[in-house]
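Here you go, one structure.
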Amino acid sequence: MTDLAALAAAIKAWGKELGFAEVRIADVDLSHREAGFQAWLDKGYHGEMDYMASHGMKRARPAELVPGAVRAVSVRMPYLPPPAPGQEADWRGREEARAADPAAAQVSIYARGRDYHKVLRSRLQQLATRIEGEIGRFGYRVFTDSAPVMEVALAEKAGLGWRGKHTLLLHREAGSMFFLGEMLTDLPLPVDEPVTPHCGQCTSCIDVCPTQAIVAPYELDARRCISYLTIELKGSIPEEFRPLIGNRIYGCDDCQLYCPWNKFAQRASLPDFDPRNGLDSASLAQLFAWSEEEFLKNTEGSAIRRIGHERWLRNLAVGLGNAAASPAHCGDADIVAALRARQAHPSALVREHVAWALERHGVK
C-alpha cells in the first residue's frame, strides 16, 4: 500500500527539481466559489470570453472535468527574468520608465519569452511520469490556463497564496509574478492548509488601474481590462479605452507593478522566460513594421502568436496614436509615415485603428 504522506513529500521535492518554486496540494471542492462565479458571469464581466460561460459550473467542479479526481497538485513557477548583464536590478523602476516612454512598446512581462503553456505543461507531465515510475499508473490530467479550471481558487486552497484584490494570487515571499499550473489526480494525498490573506486596507492595484477594471475588491470587469482589450477582444477596441491603453500593446502589468508585495517578486530559474526578439526594448514603430511573415517568425513559441498579425497591428496602431499625447511625439514624421504605410491594409480592423491614430496626430 502506498504511503501517501511520503508520496506527497516526494512529489513536492520532484516538483522543485523540475523548476517549480513551490508545490502544494488541495482537495477539489470549490462549491464555495460557484455563486460568486455565476454572479460575475451574470454581470457580463467576461465580455466576449464565451468559453468562460460555456462550461457552466464545470469550472468550479474539477471532478466533473476529470472523473475520479479528488486532489489538485498545485504549482507555481516565477517568470520574472533576472536582469540582463549591465541592467539594473530594479525591474519595477525599469518597467515604469518604459511605460512612461510614448515611443516604447510595452509587452506584458510574462509574454516576452517562451509560451508558458508549453513550459509548465511539459514539466507537469514530467512530474506525472515521475510519479508513475514510483507507484505505477494512476489517474491524472495536467493543466495550465488551458481548460475550465479555477486555478487561483485551487492554488489558494492549497496554500500557495491568497487571492489579491486584483484577483491574482499573492504570496508573501514571491508577490504575484508567477504562473500557476495543476495536476488533477485520483490519488487521495494529504492536503495542505490555506494561508491568511494579507492585502489589508491596501488598494494600490485598484487605484492604479488605467481603465478602472477592478470595479470592487476581488472583482474584475474584464471588458475594461487592458489585457482583455489587447488579447481576448477580437474586434474593435472601444474608443473610450484607446487613450487609456497608452503604449501597452499586449497585456498590462500595472496592478502587479504597483503591488507592495511584488518587492519580493522572485526571479525565474529557467531561461525560457528571458525576453526574445527585443520584446523588452523595441519601439512601437519597429514592431509595427513587422510583416505577417516576420510576426509569425518572431512570435514562434510565444503566447503572443495567438492574437495574430491583424490584432497585433491593431494594438500597435493604438499605441502609436497615443504617442500624440506627448508634445515631443505629436505629429512625429516617422510615426505618421509608419501609420500611413498601413492605411490601405486589407483588414478593415487595422484601417480603422490606423485612421484613429492618424487623427490623434492631426492627420486626416
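A Cβ is built for glycine as well, from the same backbone N, Cα and C atoms used for every other residue.
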Determine which of CYS259, CYS330 appears in TrEMBL for the same [4Fe-4S] cluster 1 site as CYS199, CYS202, CYS205.
CYS259
Need one residue: from LEU154, LEU180, LEU184, the one TrEMBL lists with ARG59, ASP145, LEU169, SER227, CYS252, ASP253 for cob(II)alamin.
LEU180
If the cob(II)alamin binders are ARG59, ASP145, LEU169, LEU180, SER227, CYS252, ASP253 per the record, what's the largest distance between their Cα atoms, in Å?
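Taking every pair among ARG59, ASP145, LEU169, LEU180, SER227, CYS252, ASP253, the longest Cα gap is 25 Å.
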Over the span of the domain '4Fe-4S ferredoxin-type' (187-219), count residues by DSSP class, listing helix, strand and coil in order.
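Counts, helix then strand then coil: 5 helix, 4 strand, 24 coil.
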Tell me the Cβ neighbour count for CYS199 ([4Fe-4S] cluster 1 binding site), meaning other Cβ atoms within 10 Å of its Cβ, over all protein chains shown.
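Looking across every protein chain shown, the total is 19.
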Sorted by position, what residues of the same chain at least six away from LEU169 (cob(II)alamin binding site) have a C-beta under 8 A from it?
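Spatial neighbours, sequence-distant, of LEU169 (cob(II)alamin binding site): ARG76, VAL152, ALA155, GLU156, LEU160, GLY161, TRP162, ARG163, SER176, PHE178, LEU180.
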